[in-house]
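Working notes, structure below.
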Amino acid sequence: MRWILFILFCLLGAPAHAVSIPGVTTTTTTDSTTEPAPEPDIEQKKAAYGALADVLDNDTSRKELIDQLRTVAATPPAEPVPKIVPPTLVEEQTVLQKVTEVSRHYGEALSARFGQLYRNITGSPHKPFNPQTFSNALTHFSMLAVLVFGFYWLIRLCALPLYRKMGQWARQKNRERSNWLQLPAMIIGAFIIDLLLLALTLFVGQVLSDNLNAGSRTIAFQQSLFLNAFALIEFFKAVLRLIFCPNVAELRPFTIQDESARYWSRRLSWLSSLIGYGLIVAVPIISNQVNVQIGALANVIIMLCMTVWALYLIFRNKKEITQHLLNFAEHSLAFFSLFIRAFALVWHWLASAYFIVLFFFSLFDPGNSLKFMMGATVRSLAIIGIAAFVSGMFSRWLAKTITLSPHTQRNYPELQKRLNGWLSAALKTARILTVCVAVMLLLSAWGLFDFWNWLQNGAGQKTVDILIRIALILFFSAVGWTVLASLIENRLASDIHGRPLPSARTRTLLTLFRNALAVIISTITIMIVLSEIGVNIAPLLAGAGALGLAISFGSQTLVKDIITGVFIQFENGMNTGDLVTIGPLTGTVERMSIRSVGVRQDTGAYHIIPWSSITTFANFVRGIGSVVANYDVDRHEDADKANQALKDAVAELMENEEIRGLIIGEPNFAGIVGLSNTAFTLRVSFTTLPLKQWTVRFALDSQVKKHFDLAGVRAPVQTYQVLPAPGATPAEPLPPGEPTL
């Protein structure tokens, strides 16, 4: 039975390797070095078929065969041994190697292009030249060209007075600062009229071409080439007239002298005519009438002449144009001045690169090079013009400010300044975004960057979405800060209804709260903006927590300063403008922060004292002031007379209305409060308004001196007693005299 099963598997396995079933993939792979089993012959197949029939005919053998087949089917296949394939090592190239490779690639392509051009010129067949056909085609072509140029020149000459009136009216209106938009509108209007005249000329040219082609498709094709070149070149010349405006100086958007404007307009027009009519008209006609390779050679000669001439014009006028650009930058806004100065340094290299790239493009792709370069140039000029106009609008708006009503300015002193600051920042940001978009559009115009594809893909959409969300975050943060700060400033200011100013304590607390609010809003805004950009702020928060813990251990004095300062403020210990004594220092509080207090002495010295170093302090502006005046009188004087003189001085002082308004209540006479060997002391005390005790004391001293002199009350003087030595002869006593000071 087993040999029958073996033969059966051989018969079933042999065709299985030779037949491929569509849609079914095999998972078992065999080594390529294993040789396939030999194909059984016909006799072996017949014997196997007969044996299989005998097996199936017997119930016992058939059952045994079925069991063996199920056993084989249930046996899992052996897992294939994985092959270890070493990874492919890719050697990274340096920047120098990449530049060398790119240079070699384009150098070989350029060399092959010149070689192919040489082989085509020397080995290609030439078409026979038919003078009669050429003369006929040239006649019809020249007639169309003369009529089209003549018609276009005539209608532009008729429109010249209109241009001049538009320019004069716009310049007159532009003298008024509020009518600055009229001049740009007239410049754009003149450009649109120029394009309409060009469209009219093309329509007339097409009508003339239909009647001047002599029924020849070749002549019609050549005339269509001329009309296409005429449309493209004259459109470029219209752009040149928009920039230089050689015939109507009033419509010239830039400060350029008439001679320079005519010089550059004329030469750039000649250059564009050489390129356009040479590549679009002359080269195709030569290729059609003579030979394609001769047309390619003509293309190379035309572009080489154009490139050499353009480079000559660029470097011949380099210094003059650079100086004009620098002078123009001096009279421009600061934002535009930066770009103009940068452009003045590199304009000749950019212009040279432009014509060199055009030359090489014409070699590699003669049919589309001029179309691409002209299209990219026009788009670039349009992008730069629109970007300059939009940026100029933003710059003019920057010069303007928002002016609030006097009532609003009185209630919210900093609101106008803050609104103008936000508006200025928003306009500057919009101006920078305008420049960035203009740069990307310029790169897209030259095929270096696909701006619209980038904008539609994930990266561009994500960038725009992030910018919009950041703008909204900054907008709401600015609005929130402006509202809260304005409310605080409104509380700090008085209104037209005579609302009194808040106390010094309230002003100090509100100022500290405003500063803390600014820090909190700024921190939250920065964190949210970083999160929107894509920065994971979780490590920043964790790092800030760890850093804060580390700082807390190393900056206990700072924490003590803050806590002590907060409690002193809540207890209304001192405020800005108070006269205080802190330790050995006495002065006026000029500044209070969350960490320290600034005190200025009467000598002008300014001291910064940390809150934590203050253990006790005295405030002279709390409730009342006090004057305790002690006056020493010679003990030989009559006490009643001296006391009466002091009362007379106080009575005269109280009659002074200015001084009387500073005194609270009545003076207190204490009489004699001290007695010494040479004097006795009289005392009088006053209760005054805060910080007015020195004014009262100075006035009192003046009155006391006056009344003591009138009453003959003497101040105490120091006396000496001379005693003779023991055994000495006593001297004659001196006559008594007045004591001397």
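Each residue, glycine too, has its Cβ placed from N, Cα and C.
Pulled from Swiss-Prot:
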type     : residues : note
COMPBIAS : 25-34    : compositional bias 'Low complexity'
REGION   : 22-42    : region 'Disordered'
SIGNAL   : 1-18     : signal peptide
TRANSMEM : 143-163  : transmembrane segment
TRANSMEM : 185-205  : transmembrane segment
TRANSMEM : 225-245  : transmembrane segment
TRANSMEM : 268-288  : transmembrane segment
TRANSMEM : 294-314  : transmembrane segment
TRANSMEM : 343-363  : transmembrane segment
TRANSMEM : 372-392  : transmembrane segment
TRANSMEM : 432-452  : transmembrane segment
TRANSMEM : 466-486  : transmembrane segment
TRANSMEM : 509-529  : transmembrane segment
TRANSMEM : 533-553  : transmembrane segment
Other parts of the chain folded back onto the transmembrane segment (509-529), taken as Cβ under 8 Å at six or more residues beyond its ends: 470, 473-474, 477, 480-481, 484-485, 488-489, 491-492, 502, 537, 540-541, 569, 592-594
Beyond the flanks of the transmembrane segment (143-163) by 6 or more, those residues with Cβ under 8 Å of it: 190, 193-194, 197-198, 200-201, 204-205, 208-209, 212, 223, 226-227, 230, 234, 247-248, 251
Within-chain partners of the transmembrane segment (372-392) [C-beta distance under 8 Å, separation at least 6 from its ends]: 184, 232, 235-236, 239, 276, 333, 335-336, 354, 357-358, 361, 365, 431, 434-435, 437-438, 441-442, 445-447
Among the ranges 225-245, 268-288, 432-452, the one whose Cβ pairs under 8 Å to the transmembrane segment (185-205) are most numerous: 225-245
Tertiary contacts of the transmembrane segment (432-452) (same chain, 6+ residues out, Cβ under 8 Å): 339, 372, 375-376, 379-380, 383-384, 386-387, 390-391, 394, 467
